[in-house]
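The annotation domain 'Thymidylate kinase-like' is assigned in TrEMBL to 15-211. What TrEMBL records for 17, 18, 19, 20, 21, 22, 23, 24 is ATP binding site.
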Ligand code: TYD
């Protein structure tokens, strides 16, 4: 029997993982695959995904906002999510489409609940309200050791301008990013049916094949 995390006829798939895990590339590849297979699919991301949510995104990630307290951060991510869910995600799954989203509530749990230390219960409660109860049917979690992920993130950019191009979250110390990764692994243990963990150190084509296998079996369930 198909178990969905919402009451709509479409599918909601999210990608999660620490910095440098390759989510954006793999989620884009999955979208292209699903489109070719005839699905009505949209690719989106958080924080952002609508004009209002994109404005909130720039407040959250601006390096000028170093004074932002964890509670403010949690609510800003949630505010961006509420707008995104109502304006983009629900309308598309309501008409039977597939939404592929780069980051969603598990990011708030890994970063704000576990790494910032706000706590699982509090952040979960806020998510219930911000998402109107809509959750992903399937989450692909790309796992990567912290040092390797951060290294990849910064190497993708201009190596001479590492400091200048990092956003407020990426500038957090390595301990913070370790807690993010541990947080993700805890979440995967809590919800093994929904969250599928893949090793992001494998070759991109191997990871892609595994993702297609997991998604196909979900969509045909
Ligand atoms: P982004 O540039 O979208 O990063 P990435 O390419 O890593 O997905 O930046 C989003 C940052 O915000 C990233 O560091 C993760 C963080 N984040 C949270 O802390 N909580 C959240 O709920 C979300 C959606 C993202």
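Quick reminder: no glycine exception, Cβ is built from N, Cα and C everywhere.
TrEMBL entries are annotated by machine, without manual review.
The structure displayed is predicted, hence computed values, not measured ones.
Among the binding-site residues 17, 18, 19, 20, the residues whose Cβ lies under 6 Å from any atom of ligand 1 are, in sequence order, 19.
Scoring each of the binding-site residues (21, 24) by how many neighbouring Cβ atoms lie within 10 Å, the top position goes to 21. The DSSP secondary structure for residue 20 (ATP binding site) is coil. Regional average pLDDT for the domain 'Thymidylate kinase-like' (15-211) in the model is 94. Taking Cβ-Cβ distances under 8 Å and a sequence gap of 6 or more within the same chain, the neighbours of residue 19 (ATP binding site) are 149, 150, 153, 169, 170, 177, 180. When other Cβ atoms within 10 Å of the Cβ of residue 23 (ATP binding site) are tallied across all protein chains shown, the result is 21. Residue 17 (ATP binding site) has a Cβ environment of 27 other Cβ atoms inside 10 Å. Most other Cβ atoms within 10 A: among the binding-site residues 18, 22, that distinction falls to 18.
Summarising the environment of residue 20 (ATP binding site), the number of other Cβ atoms within 10 Å of its Cβ, over all protein chains shown, is 23.
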